[in-house]
Amino acid sequence: MAELLLGVNIDHIATLRNARGTDYPDPVQAAFIAEQAGADGITVHLREDRRHITDRDVRILRQTLHTRMNLEMAVTEEMLAIAVETRPHFCCLVPEKRQEVTTEGGLDVAGQRDKMRDACARLAAAGIQVSLFIDADETQINAAAEVGAPFIEIHTGCYANAETDAEQAKELARIASAATLAARLGLKVNAGHGLTYHNVKAIAALPEMHELNIGHAIIGRAVMTGLKEAVAEMKRLMLEARG
């Protein structure tokens, strides 16, 4: 069984920063801490509306990361140009709707083969490895192999959102079957979306999995497990100011 890697998505550090229009918390600092804690890579989604990660974040992260940068992005001319200029180690192509809270589903690779083939070729020519964010669907997996993507990232949202054990088991079986097919076609398999401390183990146990990209759950846990130290430090500074 191959080594399983963790890509930490730091988008929500930027979400918190942008909520008040400040320069903190700094996604670059968060990336450094994540790397020190064992992250194998850092994932950021540069959305068209720049709601969290910014172009500046992407440039600085590319220059400062000690691990690998995975840039999630829509398949648009603007984003392709940014990727070719920035040259992250990986690009994960995702569908994007401006009104969505987070990415809601996988790419329709089968329905836009030429567009995906061109994007994969353009990124590969810049030395960037490409993954396609797709549902655990046989048609989409076959299409991903056809358009020349070396990686897929299986959308685990339906698994994560399953309301019963039976539903979750059904979704897990779909993901396992999809991963087996992808590996048979020569694709490397990543997964992500909605993975938490409570549901990650079953996905991590699948032998075909190469990397899991997880963000919201990690940042949410960090708010709690790091909160004691943050509160104590603030109180110390306040008392220090009073002499």
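Glycine too: its Cβ is placed from the backbone N, Cα and C atoms.
Pulled from Swiss-Prot, these are the features on record:
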type     : residues                  : note
BINDING  : N9, R20, G194, G215, H216 : 3-amino-2-oxopropyl phosphate binding site
BINDING  : D11, H12, R47, H52, T102  : 1-deoxy-D-xylulose 5-phosphate binding site
ACT_SITE : H45                       : active site, proton acceptor
ACT_SITE : E72                       : active site, proton acceptor
SITE     : E153                      : site 'Transition state stabilizer'
ACT_SITE : H193                      : active site, proton donor
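Where Swiss-Prot records a feature, it is marked here on the structure.
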residue: N9; record: 3-amino-2-oxopropyl phosphate binding site; DSSP (3 states): strand
residue: R20; record: 3-amino-2-oxopropyl phosphate binding site; DSSP (3 states): helix
residue: R47; record: 1-deoxy-D-xylulose 5-phosphate binding site; DSSP (3 states): coil
residue: H52; record: 1-deoxy-D-xylulose 5-phosphate binding site; DSSP (3 states): coil
residue: E72; record: active site, proton acceptor; DSSP (3 states): strand
residue: E153; record: site 'Transition state stabilizer'; DSSP (3 states): strand
residue: H193; record: active site, proton donor; DSSP (3 states): coil
residue: G215; record: 3-amino-2-oxopropyl phosphate binding site; DSSP (3 states): coil
*Once near-sequence residues are set aside, which residues in the chain of D11 (1-deoxy-D-xylulose 5-phosphate binding site), 6 or more away, have Cβ atoms under 8 Å from its Cβ?*
T43, V44, H45, H52, I53, G215
_Cβ atoms within 10 Å, counted per site: which of E72, E153 has the most, among these recorded positions?_
E153
*Given that the record lists N9, R20, G194, G215, H216 as binding 3-amino-2-oxopropyl phosphate, what is the largest C-alpha to C-alpha distance among them, in Å?*
26
_Whole-number answer please: how many Å between the C-alpha atoms of E72 (active site, proton acceptor) and R47 (1-deoxy-D-xylulose 5-phosphate binding site)?_
8
_Cα proximity to R47 (1-deoxy-D-xylulose 5-phosphate binding site), best match among recorded positions N9, R20, H193_ = N9
*Within 10 Å of H216 (3-amino-2-oxopropyl phosphate binding site) (Cα-Cα), which of the recorded positions H12, E153, H193?*
H12, H193
*Counting other Cβ atoms within 10 Å, pick out the least crowded of the recorded positions H52, H193.*
H52
*Measuring Cα to Cα, tell me the gap between G194 (3-amino-2-oxopropyl phosphate binding site) and H12 (1-deoxy-D-xylulose 5-phosphate binding site) in whole angstrom.*
14
*What Cα-Cα separation, expressed in whole Å, is found between E153 (site 'Transition state stabilizer') and the residue listed as 'active site, proton donor'?*
10
*Spatially speaking, which of the binding-site residues N9, H12, R20 is closest to H193 (active site, proton donor)? Use C-alpha to C-alpha, please.*
N9
*Separation of alpha carbons, R20 (3-amino-2-oxopropyl phosphate binding site) and H12 (1-deoxy-D-xylulose 5-phosphate binding site) (Å)*: 13
